[in-house]
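Database features, via Swiss-Prot:
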- 664-674: compositional bias 'Polar residues' (COMPBIAS)
- 664-688: region 'Disordered' (REGION)
- 1033-1069: region 'Disordered' (REGION)
- 155-199: repeat 'WD 1' (REPEAT)
- 322-361: repeat 'WD 2' (REPEAT)
- 365-404: repeat 'WD 3' (REPEAT)
- 455-494: repeat 'WD 4' (REPEAT)
- 507-546: repeat 'WD 5' (REPEAT)
- 594-634: repeat 'WD 6' (REPEAT)
- 747-786: repeat 'WD 7' (REPEAT)
- 830-869: repeat 'WD 8' (REPEAT)
Amino acid sequence: MSVIFNASVNTKSAVEYQTISSTQSHSAEEQSERLHKWISKDQLEKLYSSFLNTPERHVGIDELRIILEELDITFNDSMYTRLFLKINQNRDFKVDWNEFVSYLIFGFQEEDPSSQKESLILPISGPPMVRKSEHRSAICCLALLKAKSDQVPIDEVTETINFSFGGEDSPEASGMWVTASHEGMMRFWTSHMEPIRTASSESICMSYAFFNNGKVHSKLILGDYAGNVRVLSYSPHLRGPFQAKPGAALIEVVWSDILRGKIPQFFPKEYINLHNEMVSCVYFSLHMNALFASAEYRNTKKYRGRCPGMIMVTYDERSNFRIPLGVSTFFVAESHNIVVTGGPDTFVRIWDVYIPTEPSAILTGHNGGIVLVFVQPEENKVYSVDYQKIIKVWDLHEHTLLQTYGDLVRLIHHSETDLTYYYHSHLRELVVAGRKLISIKCCPRVRVDLTDGNTHAAPVSVVLYNRLFRNIVSCGLDSYIIVWDPWTGRRKIIMKSCHTKMIYGEIIDIEITAACFDPLEQFLLTGARDGSLKIWNYNNAVVVRNMSIMPDQEVTAVIWVVDRILAMGWDRQVTEFNDVVGREYGDPKKWPKFHTDDITCADVKLGEGVVTATYSGEIIFWKLETGQPYRRYSVMDPTRFIELKLTAEEEKFIRQSKRLASRLTHSGNHSLQTGRAGRSTVLNRPEDNRDYGTDIPISVQAVLFLQTRPQTLKHGSVFISLDTGFIQVYSHHQRGGYIVEFLAVHKTGDCVLTMCTDRKNRYLYTGTAFGYIKVWYIVNFCVPESEKTHVCMPKLRLEFIFLRKELFMTRAKRAVRNQAEPLLVSSYKGHLKAINSIAFINLPKIIFTGSHDYSCRLWTQGGRYLGTLGTVLPWSRLTPFERAGDDNHLYRMPPDIKKVASSTTLKVISGIQAETSIKISNGKTVEDREEETAQTEDVTELRKLLDKPVKEPIVGKHFELPGRSILDQHIELDTTQSYIAVFTQLKVHSTEMLERLPTPAVVSRVQTENYMDHYIPVEGKVDVSGSAINIKQPSRRRSDKASDTRNVNTLGARDHVPLDFSSSHASQS
């Protein structure tokens, strides 16, 4: 199908837009896509001179083709048309030199790897984890008992990946936390801040550097109050000097003995008076074989700003990094050859380790002294923490501020300032220790065993495929517009905060709810929840035009046809904007208001009509050219004729407009005043506050026009999806109407939220609220008998594994077993949450869906999973010229779907059907035949081992299971419902009441006894003058059972009990 648009009124050339045919050359098509790589410098200079020689410095579609052919750059008609539309961004069908060069620049920008590094979410986006420190006093030291070193030999350094397979938080992989306080108490914690054990020791601060392989000597660096730095080197082989020696559980040694060589395993080295003040931080880099030491110089009168805040020592050569007030903390990133410093002057400085004279960048923004800095080299981010507990995140290359995190001020008391920080590079966690332990995730890795990653930072609302640039555009509720290359999985362009609104001085992002392309697919139109509309040149993220419907009314659907833009939403009417040069900034045209509720969806049939549907189930068909309605239906009673009648509010508004117009007719300024009065009346119309009553309406979730079906009475050309799970089919003919409906879901409460078809309307693709993707074969559905064609089921079974027979009829097939048409050819669960948008790419046969679970996924038409846009995993190479999916390829399942997938979903996504028993001619199954073969082989092996056959019984006397009953019990399952209740198939036998035995006499006597008969109270009196409690013997109570020997013995025992409580009373006092 091709659509022809005239280039302009004055030109005779026409631009023909059509999709790619499969017969085109891949190499030639690739050349047009990569023109910025194929063109040379000499050719570019000749092109520039050709543009200068033109009369108006711009050329048309034919002139540009002649200029390119003179430089041996040739294309066929289809490819050249696509190339011209990409270059002509002004839509005037004239190309100047600036447009041509801009197209070449955009080609280089798409390949910029820095665009792939921009994160969708803030580096610190998760809530912190807080727990008690279990120390009596505040924690003064925090360290990590590492299992693996952060420093890796250069020959073992590989490309860092931003995902993990789980298990990295185990103690064997991530190590244990160690906290110490001033009272000499040490506690060991897991990576999840769970206590392990407690020990007593003295707190001390050191720095330790080692390799995992043990081939390089480990370094223990010590700094003291006098500015001295000592390095203790030893070999970690066989635990080095820390080997256990018999008879010596503890070895005490002083530094002087180590210098004398009494312990030969140690190799000491001293740097006396390296600093003039107390050493604040030390580090030894094994990559550069360099020692870093820093100190604070707060006495400005003494040092006058010429203090060596940090010193790097390499082979007895010192490099001084002079920083005013010195350095409190630093971080060395060996992979980038940089060091980041922070000190009391509130500045964060980035240095090249080989250029100590001047920093590469100075990051400003803190209001307090810097107490911690660390770098994530793989993410190109710098984190800094100041004395006021404010965390700032910076971009390492751009030197810009990315985030300011201030939740520590809320979690920690303002009087608690002496905190200890430690960054775990393996888990990417920042741990803050004081009277509490707080763990903060800093740009955590993606767990690929749980998810494939996210496409957006919020639910995806719209996904579109651009046939001109061959890319996917996704819009989300996070107010992001992202352009993806589906063939390589790369992210080309990301536009953040596309729709914004200022509330109380703060800029708030507005969700994008609708989007579409212009007829030539050069520009993007988006609608937001606040009623705003924007036209984007999304190749360079420039807003071309701003529009709006009624304020604070959500835009639910947008339609862009030739010279017109239609927008509708919660304002209950269609708003038409001009798209003609010179008239685009006029007042929009409001179509008549026939709807009585919010419009939820709409669609267009090019050249014929528009259909709109509301939340209350109203459907209205409109003429596209005139904007007049011609049919109206209700989905609750689709066969009933409903008169087209304006709402009471609309009739009142029209009467007021006519009355006002008649008054202004007698005045001189008729036209000017009528226009002003009309606009003021539109703005001051009252809101429609109607009462819907107690009946809950059936809302319409999605509508779809079949573009290839004609406007006749017998052709079902409009599909209406209801929230009950049914899809109704209508004819948009003036005398047409409701035709039929079918059930499109198989779970109670589910419904279809989005629909699309292929270019020839052979298949219908639906996405449901429960995350299911269904494919329907609609070639013979709602068409006249003369147009129905034969359905080749074997061919469909080869493509759709869902149609292949199974041992038991699955739930999706049971739901549609009584529906002859349309034919359900595929059904599987693609997302955990609702699917908000679905689209289809014709030539490679790819379905892509946008869901409420923040992801946009690609599938083959048969249901195989291709990938998630934005994933950190390698992308399977695709091409727009060949069909996606190879039957010989083993397909992977999304990790989140794998845990909840049914047997049908597992079969469709994996492309593998479980083996079932198949009957053969002799009446035995394949499994029985294989078992008999195995038994025959066992008997043959026994005969080889034994000379004579073994006499029966071989195993002696043993228990034998009873034989089966002669009568075969046939179970009939009740399949009338969507599920089978198992308990209805169970045989339940009635129970009889058990005979109650008489109660024994001993038990009866014990039940009638009263413990008060054996209780003798004790009367006590406290002597205030003394320190003991004097208990006096009570008088004997006369009882009938006083002669009992048990009571006498008890009383006698009480008389001999010593009653001395003085010691206990004294201890308690």
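Note that Cβ sites are derived from N, Cα and C of the backbone, with glycine treated the same way.
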Per-state residue totals over the repeat 'WD 8' (830-869) - DSSP helix, strand, coil: 0 helix, 22 strand, 18 coil
Stretch with greatest number of CB pairs under 8 Å, the repeat 'WD 4' (455-494) reference, 365-404, 507-546, 830-869 candidates: 830-869
Model confidence over the repeat 'WD 4' (455-494), averaged pLDDT: 92
Helix, strand and coil totals (DSSP H, G, I; E, B; other) for the repeat 'WD 4' (455-494): 0 helix, 23 strand, 17 coil
